[in-house]
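S.K.: So that we are looking at the same thing, I have put the structure below in structure tokens.
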Amino acid sequence: MITTMKNAIDLRGLRKEYKGFTLDNISLSLPMGCIMGFIGENGAGKSTTIKAMLGLIGKDSGEVLLLGKDPLKDRTVMEDIGLVLDSGFFPPEMNAKALGTALSSIYRNWDSAAFQAFLSRFEIDPAKKVKEYSRGMVMKLSLTAALSHKAKLLILDEATSGLDPIVRDDILDLLFEFIEDEQHSVFLSSHITDDLEKIADYVAFLHKGKLVLSAEKDLLLDSFGILKCSEAELQSLSPTSVTGMRKSEFGVTALVKKYELPARYQVEPASLEDIMLYSIKGKRQGKEGL
Amino acid sequence: MKGLLYKDFASTKRETCICALMCVIFLAFAVVTGSQSVLAPTIGIMIAFGAMSPTYSLQYDKTSGWNRFISASPISRNKVIFSKYVFGLVDAAVFTLLTMLANVLTGNALSYLWLSAVLLLILALQAIMLPVCLKLGQNAVAVIFMLLVFVPIGIGAVLYKTGIIDKAFLDSISAAAAAASPVLLFGMLAVAAALLYVISYLLSCRFFQKQEF
């Protein structure tokens, strides 16, 4: 059993089975003071993983530790966790002011001054009802609430999906500020890989309920590259160096492990999106994915 | 707990205002017409609102997504359910007071025993409705409520019409109730309602613990 507090999140062998879908043996760790981007296509199981972590759904097996504690056994750990989900979860008939009053009795470390400050920063009208907010304002309100009780860990599930680039940038700036002191961590699930490339320290990639990889983002981006060549040239490479390929009318484009290729090959930088696309849709010399 | 109750009252303000408006209309009609025959339906409406109001709160939390948030908060799921039952108790008290007001304004003040019976009936109905709402949803609550109201009336009517029970039997029941000590009668009803409320709470906690969001 893991007892260290070095990690903000520890998942060991997390499993949840549904009819037609299984979250299968998810194991990952998020060190304190870091941001982890949790990527995967729609339906990969990102939300299921987060819900199992938080106790919103039961798990079939596995261990979950948040800030060193099992949230199902010790509910007090949730005082230190801020949550933003993909859709709003505040009563539509309440306004921000009433919500702040309610939340001040729910969280022991509620900071009303911080709540007011974030409402002003995000230009949220405290008298306006939640049902009158746009999606972006609802996300900002959720983030405001999550940041107003001195949380050490923020968990965001598709929080930036459907938002315009300006609002997304505001949220990313806020997350950067949040982890500045290295005592805070962020776990952010998204299929918008551009956002994660900007801020994540670690990336975990989920595909069809299985964790395909979990690594430092910079290391990942440094390890992989995009090679454009002919099919014959691709066939001449070691199979282990090619992760996925896609055919085009001019030849093939392949996601390759840069350091396993001979020096003569010109490899372009790969983005997280490339890694995701080629892993899911690319074919590795007859086999699919990573 | 305070925060949960505040949230319940703040978020059901609209429904509460609609209920209050309907109560005022009934009361005003009774007072203006001086009609005693409006009293029984007025009391019936108060009992129905009192019984159903906490279920609106449960349903509201489900549809707004609040259950997801609160189940990932430091508040335990049992405490969330406890707050609904406290909300129900407050509700029952308010609607009993409105019933008393309706009777006073129409010059037909009810005894404390009868008012207590109204309160205990609201609590007993809440005790049935709350776990039904959690397990089966708000639509089932409406159906169950109708069955609880009309099935006993229907059975009674059938028994009376077929002669299985007659006026003499009903008179003997009334005489026995009148002869019984009011305190003893109230005590028995109160214990029964309290027991039902506790069993209901335990059942609701069990249902809510198993729910996935």
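In case you wondered, yes, glycine gets a Cβ from its N, Cα and C as well.
The transmembrane segment annotation in TrEMBL covers B:12-32, B:38-58, B:85-106, B:112-134, B:141-160, B:180-203.
Let's see these features in context: how buried, what's close, how far.
M.R.: Beyond its flanks by at least six residues, the transmembrane segment (B:38-58) meets 8, 11-12, 15-16, 19, 22-23, 26-27, 29-30, 84-85, 87-88, 91-92, 94-96, 98-99, 102-103, 106, 108, 118, 121-122, 125-126, 129-130, 132-134, 138, 141, 145 of its own chain at Cβ-Cβ distances under 8 Å.
Tertiary proximity for the transmembrane segment (B:85-106) is limited to same-chain residues at least six positions away from its ends with a CB under 8 Å from its CB atoms, namely 1, 5, 8-9, 23, 26-27, 30-31, 34-36, 38-39, 42-43, 46-47, 49-50, 53-54, 57, 115, 118-119, 122-123, 126, 130, 197, 200-201, 204.
Remote same-chain residues near the transmembrane segment (B:112-134) are listed as 43, 46-47, 50-52, 54-55, 58-59, 84-85, 88-89, 91-93, 95-96, 99-100, 140-141, 144-145, 148, 182, 185-186, 189-190, 192-193, 196-197, 199-200, 203-204, 207-208, 211 (criterion: CB distance under 8 Å, separation of at least six residues from the stretch ends).
Residues 81-82, 85, 113, 116-117, 120, 123-124, 126-128, 130-131 of the same chain sit 6 or more residues outside the transmembrane segment (B:180-203) yet have a Cβ under 8 Å from a Cβ within it.
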